[in-house]
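S.K.: Sharing a structure here in structure tokens format.
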Number of protein chains: 2
Amino acid sequence: MKKSGKKDLALIVNNGPSYIAAAVFTRNKVCAAPVTLTKQNVSNGTIRAVIINSGNANACTGSTGLENAQAQADLTADALSISSEDIAVCSTGIIGEQLPMDTLAAGIPTVVHALDASADAGMNAAEAIMTTDTVAKTTFVSEPNFVVGGIGKGVGMMAPSLATMLCILATDAEITPDMAREALRNGSAQTFNTLDIDGTTSTNDTVILLANGSSGYRPTQAEINAAVLKACEDIACQLQADAEGVTKRVSITVTGAANDAEALVAARVVGRDNLFKCAMFGSDPNWGRTLAAVGMADAAMDPDNLSVVFNGHAVCTHSTPTADAKDVDLSGPDIAVSIDLGTGKTGTATVRTTDLSHQYVEINSAYHT
Amino acid sequence: MKKSGKKDLALIVNNGPSYIAAAVFTRNKVCAAPVTLTKQNVSNGTIRAVIINSGNANACTGSTGLENAQAQADLTADALSISSEDIAVCSTGIIGEQLPMDTLAAGIPTVVHALDASADAGMNAAEAIMTTDTVAKTTFVSEPNFVVGGIGKGVGMMAPSLATMLCILATDAEITPDMAREALRNGSAQTFNTLDIDGTTSTNDTVILLANGSSGYRPTQAEINAAVLKACEDIACQLQADAEGVTKRVSITVTGAANDAEALVAARVVGRDNLFKCAMFGSDPNWGRTLAAVGMADAAMDPDNLSVVFNGHAVCTHSTPTADAKDVDLSGPDIAVSIDLGTGKTGTATVRTTDLSHQYVEINSAYHT
């Protein structure tokens, strides 16, 4: 499917004994055919295999696209001798072209035949789902009694939700579908949902957690939550570090908001502001643009009592600059920005983003349909 | 005030016989001292003079900033022998530094002394309010019985509302304060409020209409609305054409929305989408990114019945690509995008924006605080 001849098809199979699964998806109203199909198939809490192609997103492809996603599931189910209702399908790549079904029909039996549980298998799968990613993303969380492993991809159109973010996690813990859903909801909320590279939300984003219970260990909700959160956190950091055109990794923490939800709204507005992001590219502690951005947020704030801190250095207090505001050094690759909304309340949230660089513009203007 | 030594102070005086005025301001919660002062002074429907400095925005300057804005008004009022409550103050430039009051105290009598009604005066004023603008913006609308003239500036942070958009219009029509407010509200709504260069909203944006009645002609509301709209339209087009880093002027029209308000929301979401804007820079008819962007809008739509037209060429119908979708030529400087949300209703709106270019990033990362 990829003209480059690189790997473009990954298959993840749960060998049981149980086949628990949960998933979260893009919130975009324009969602891709594989998202529609996978939503339906995971609704009963069970998935036995995930087939993922890169190079073609099967998005904006109408009823033919839905038929093709179903055929992709059917081909996979046939080759594995399981029900096609137990298949999750993920696609990432170009929008608006039909899947090359002949190529897929030939490729699916090939990947089924090549299935293995070797140490290289995860990395091979992670490479097969890359698009403009420059590095493969994998994670492995080892708890005393169980493990969580996973692969991810995504470099742009993340809010969290295009160039498509995909993440498949697997655990040998013995958990119920409700526990899987809660662990994934909790983990995504604190990681993928607060990663905002360009404010753009994909048509295809999917995060899936598979659990086969093979460890025989039944973790508490808190235990599985913690392990899944670690895995999500690890993949999310790798997505941020490989974001399109990134030269700075920027974390924006808002405090002093009326509540956590408003803090998140305010952090997101700043994280999406192009002038702020250009300032970060220029290593410029531009608290003026920071205040101008946060002032547009639909969140309670005291306009005369806003504070801004860059990398632990206060640059603005009571909405006016500190004496040494210009002395902070932002030349390194990581920038931490803290903004206090001055309401006296304790609402807080953190969003991770990147700078807006020449390379971002180059990648996204040269990459033609 | 400007280190370059270029003009940085403009004064516009209404010589009467009447001193009617209306104004609209930034919606940013973090608004500059001159905005706070001018809001208060224009509230009675009367303004006799507008003093405008460039080079310093007097924003995020605390109580000292407010005192300085008041002193700026007082100095102007004293030099003109009028009340300081009849003065509007506008500032544009760097955020977070106090106004150089000694420089202003020397400059205000100088501009008062230099006041003239020559043909060059408007252009001189337009030049004095420029920051990163590359050309001065003026307008002149001649109706049979009255005229509307004006100056404007603004190249970024427009949504419509930083690098600050300012516009001062003046008419010799004889109108009431309510008529002035209605004409300015109507004109701004259709022009400055639908101009969205980078989704960023200034701390200083101000649009003022002055009316002195010297023509002796009393236009109907419709007449004054039409003339003010033409003047706003002319200035808005000049702002779009001189926007930071612009290589493409892009208009986005949404049709088939449930109502006009939702159409505007959808058009704005597309106009602010970085991936869409990068595609425009690349002359790429990327309807996939267009749909992905519109799908995030808080507006009713039929995800299976979306249509996209670039420069009159249908590229997507029923959410799937047309056969010749790739044949449309977007190499020219103007791109018109139409998106139908497929609801069957007639809500419509147009937003004007620009592409996201290397030059935009350069201007906004190199311009340090």
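Note that Cβ sites are derived from N, Cα and C of the backbone, with glycine treated the same way.
Values in this document were obtained by computation on a predicted structure and should not be read as measured data.
Copying in the features that TrEMBL gives for the protein in this structure:
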BINDING   B:Thr131, B:Lys153, B:Thr164, B:Glu244, B:Asn364, B:Thr369  substrate binding site
ACT_SITE  B:Thr164  active site, nucleophile
S.K.: Which of these binding-site residues, B:Thr131, B:Lys153, B:Glu244, B:Asn364, are close to chain A by Cβ (under 8 Å)?
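M.R.: In terms of proximity to chain A, the binding-site residues that count are B:Asn364, given in sequence order.
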S.K.: In the structure shown, with every protein chain counted, which of the binding-site residues B:Thr131, B:Asn364 has the densest set of Cβ atoms within 10 angstroms of its Cβ?
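M.R.: When each Cβ's neighbours within 10 Å are tallied, B:Asn364 tops the list.
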S.K.: Which is it, of B:Lys153, B:Glu244: the one of these binding-site residues whose Cβ has the most other Cβ atoms within 10 Å?
M.R.: B:Lys153
